[in-house]
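Below is one structure; the comments refer to it alone.
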Amino acid sequence: MSKEKFERTKPHVNVGTIGHVDHGKTTLTAAITTVLAKTYGGNARAFDQIDNAPEEKARGITISTSHVEYDTPSRHYAHVDCPGHADYVKNMITGAAQMDGAILVVAATDGPMPQTREHILLGRQVGVPYIIVFLNKCDMVDDEELLELVEMEVRELLSQYDFPGDDTPVIRGSALKALEGDAEWEAKIIELAEALDSYIPEPERAIDQPFLLPIEDVFSISGRGTVVTGRVERGIVKVGEEVEIVGIKDTTKTTCTGVEMFRKLLDEGRAGENVGVLLRGTKRDEIERGQVLAKPGSIKPHTTFESEVYILSKDEGGRHTPFFKGYRPQFYFRTTDVTGTIELPEGVEMVMPGDNIQMKVTLIAPIAMDQGLRFAIREGGRTVGAGVVAKVIA
């Protein structure tokens, strides 16, 4: 069978394996690459290649992550797998690996375990939109009723955290048997790949989303007006369009009268580009770093939100001591720090370095935010934590 060459035209989807320690996440990752390479072409990756995950830094936090790639006939997948539970927590909170969908691995021999629940909750908090279940080690369970029971438990757990438990694809398989080349179990890996293709919708590309540019710098150019610079995070801004300036102060409207990149004039700025945007009638002192330029009505400023945060351990250069309620650090959003106060969950007195925790934050100035926005927690310019907006309150 001839191997197809990698087509850049295929939609690109980001996924990852999540689930309890030793339920077979890494074995499944190896099995997917192996079976799909054999079936559709591409590179197989061995278990020990994946298990030996390199360390990366995201927002000053060290995370071990393995990245593999595989293809189905219709899509190209980038897949992340983490060796340790702490790596998952950090990865999901920092958004180091944005997932369009996740494969939840549950050993049929054990059923749902504490980290199964924690990973589903994290998925909900950080905005993983779709979860597919792979019931692993099914070759070791002879009793059909037991499999039914485990499947039911997993579906109920998903529903508890507002995932559609009843409609979630659940594939029963054995990653190890598939990896060993047993055709009956290889077929289950193909079934999983087909579920990825059909159940996870094609992600909306950044360029198709509403325009947003976090402002990094502001200049005034005599005779031409005020220019803001930054990297377009999403969408497109065209010359002549109205834009809003959102965050820190009251929202104002203005018009984009020019876009330039590397001193050349353009008619638009697109997602991923570093541009200068010329604004009509806006004075230099009415706009500042930390605000965003956005398509009118697409994003609102907020001060209060629920978040999921990871507090760096001492070894990661974080705090050496716990903090308590009333803690007032800076919250770094996109390009600027804003001071905020925290409220800890009922019954939690203190937070230790290395913990992950849900907390309610109230900022002293509003920031343009949506659910899923990432931030760093800093003290005097040094990062002590990372977080994600789980729910906007006010």
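Cβ atoms are placed via backbone N, Cα and C, with glycine included.
These numbers come from a predicted model, not from an experiment.
Feature list (source: Swiss-Prot):
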type	residues	note
BINDING	19-26, 81-85, 136-139	GTP binding site
BINDING	T26	Mg(2+) binding site
DOMAIN	10-204	domain 'tr-type G'
REGION	19-26	region 'G1'
REGION	60-64	region 'G2'
REGION	81-84	region 'G3'
REGION	136-139	region 'G4'
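Here the features listed in Swiss-Prot are placed on the structure.
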residue : record              : Cβ neighbours (10 Å)
G19     : GTP binding site    : 26
D22     : GTP binding site    : 12
K25     : GTP binding site    : 26
T26     : Mg(2+) binding site : 23
C82     : GTP binding site    : 24
H85     : GTP binding site    : 14
C138    : GTP binding site    : 22
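According to its DSSP assignment, G19 (GTP binding site) is in a strand. Across the region 'G4' (136-139), DSSP helix (H, G, I), strand (E, B) and coil residues number 2 helix, 1 strand, 1 coil.
DSSP states for the region 'G2' (60-64), grouped as helix (H, G, I), strand (E, B) and coil, give 0 helix, 4 strand, 1 coil. Here the region 'G3' (81-84) is broken down by DSSP into helix, strand and coil counts: 0 helix, 1 strand, 3 coil. The separation of the residue listed as 'Mg(2+) binding site' from H85 (GTP binding site), Cα to Cα, is 13 Å. Rounded to the nearest whole angstrom, the C-alpha distance between C82 (GTP binding site) and T26 (Mg(2+) binding site) is 8. Here the region 'G1' (19-26) has a mean pLDDT of 95 out of 100. According to DSSP, H85 (GTP binding site) is assigned to a helical segment.
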